[in-house]
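Visitor: One structure, as structure tokens, below. Some questions next.
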């Protein structure tokens, strides 16, 4: 196997090493370990509007205490909101179960983090980057791609790929003891039955007990909304209106938001009151192994429902079909860490220019528990939905007459005749047979 010189398998002593620092046990221990082993760690923390983070400003201070040469907090929220809206406009969601989608909130967060943190590192002349992703997951590849796209001279050093680090600090207990031994009164948080990763767009709960499919959504404590499955949690029906202008969500309940970050936060609050957007998915990781996750995305779900309602009321069938096909493909590219690749940009351009630009209007919904909702009203100056065209009542100046329909049906005789001929061929060859007691063609028993 050829050696990848971009990935450093041992600590680059004496060199600047940027680390994506969360302030948790793993990155705290890694930063201190790198410092004591002779590297020059620089800490970078992304403010992604994580709903489970109370004090972002405290994180860089903590990094300095653990030995960082410098620590910076990078505000990524505006860019994350921008990419979230782009995903809504393109329907870039390929994982779904029973019609309920996973809104690719973690891949969107990685696209923003991977580019903005590495860009900040370039400003500090830091060309080696490490983060906490493991070799079995998706993030190691996503960060690898986005990092090198942003800085082609980038080298990758991950403590979790360094055998010396693994031997010395291979587990949470060892990392905690290491911090205590070096004078830091670190108290391990109580471990949950699963791990959580979040940003402003959504939360991901996975691993540990959730790896077992007989552990359901009920073991999860939502961080962006309510446990709607709990009968003791009071959830009242609520009407909400969402307004779009040229594909961009701009108002909730009649209130306009100039700041997309505030818009998402309010959408999260509204949807979260009902548990909207929670889903349980089995998905294929980039390496084709299957994983399972419980997801939250109340704001994304609210915007997606309203946007697609307008899409179906404004665009024709072929456009909608292409939007859905392209969205599935784009969602997979996003999941794989290819959000800025040329094929993804091509699909994004198609949807944002030719689909989203026409999406102006307002949708009113009633939200109940979980993903239970009703659409109460749809308004748009661009609607091609015109009920008089198909009215069962007698109307003046009808769009077409009975004679027109007779002519249209007569033209169908051409393909009906062709289809009947093909069915005869299939029947003669044994591919189709008439089932017992049935006049409908059925697949034959021949192998």
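From the backbone N, Cα and C atoms, a Cβ is placed for every residue, glycine too.
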Visitor: Given that Swiss-Prot assigns 138, 142, 195, 204, 206, 283 to the L-citrulline site, pick the one from 102, 257, 307, 323 that the record assigns to that site as well.
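Guide: Same L-citrulline site in Swiss-Prot: 102.
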Visitor: From 46, 120, 153, 181, grab the residue that Swiss-Prot records in the same ATP site as 20, 21, 22, 23, 24, 25, 26, 27, 28, 132, 134, 139, 197.
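Guide: Only hit among 46, 120, 153, 181 in Swiss-Prot's ATP site, alongside 20, 21, 22, 23, 24, 25, 26, 27, 28, 132, 134, 139, 197: 46.
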Visitor: Of the residues named as ATP binders, 20, 21, 22, 23, 24, 25, 26, 27, 28, 46, 132, 134, 139, 197, how far apart in Å are the Cα atoms of the most distant pair?
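Guide: For the residues that bind ATP, the greatest Cα distance is 19 Å.
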Visitor: Take the mean position of the Cβ atoms of 134, 138, 139, the recorded L-aspartate site. Which other residues of that chain put their Cβ within 8 Å of it?
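Guide: Neighbours found: 133, 135, 136, 137, 140, 141, 142, 143.
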Visitor: Roughly how many Å separate the Cα of residue 138 (L-citrulline binding site) from that of residue 22 (ATP binding site), to the nearest whole number?
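Guide: Rounded to a whole number, the Cα-Cα distance is 18 Å.
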Visitor: Using the alpha carbons only, what distance in Å do you get between residue 206 (L-citrulline binding site) and residue 20 (ATP binding site) once rounded?
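Guide: Cα-Cα, rounded: 21 Å.
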Visitor: Around the C-beta of residue 204 (L-citrulline binding site), how many further C-beta atoms are within 10 angstroms, looking at every protein chain?
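Guide: Around residue 204 (L-citrulline binding site), other Cβ atoms within 10 Å: 21.
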Visitor: Among the binding-site residues 22, 28, 134, whose Cβ has the fewest other Cβ atoms within 10 Å?
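Guide: Lowest Cβ count within 10 Å among the binding-site residues (22, 28, 134) is 134.
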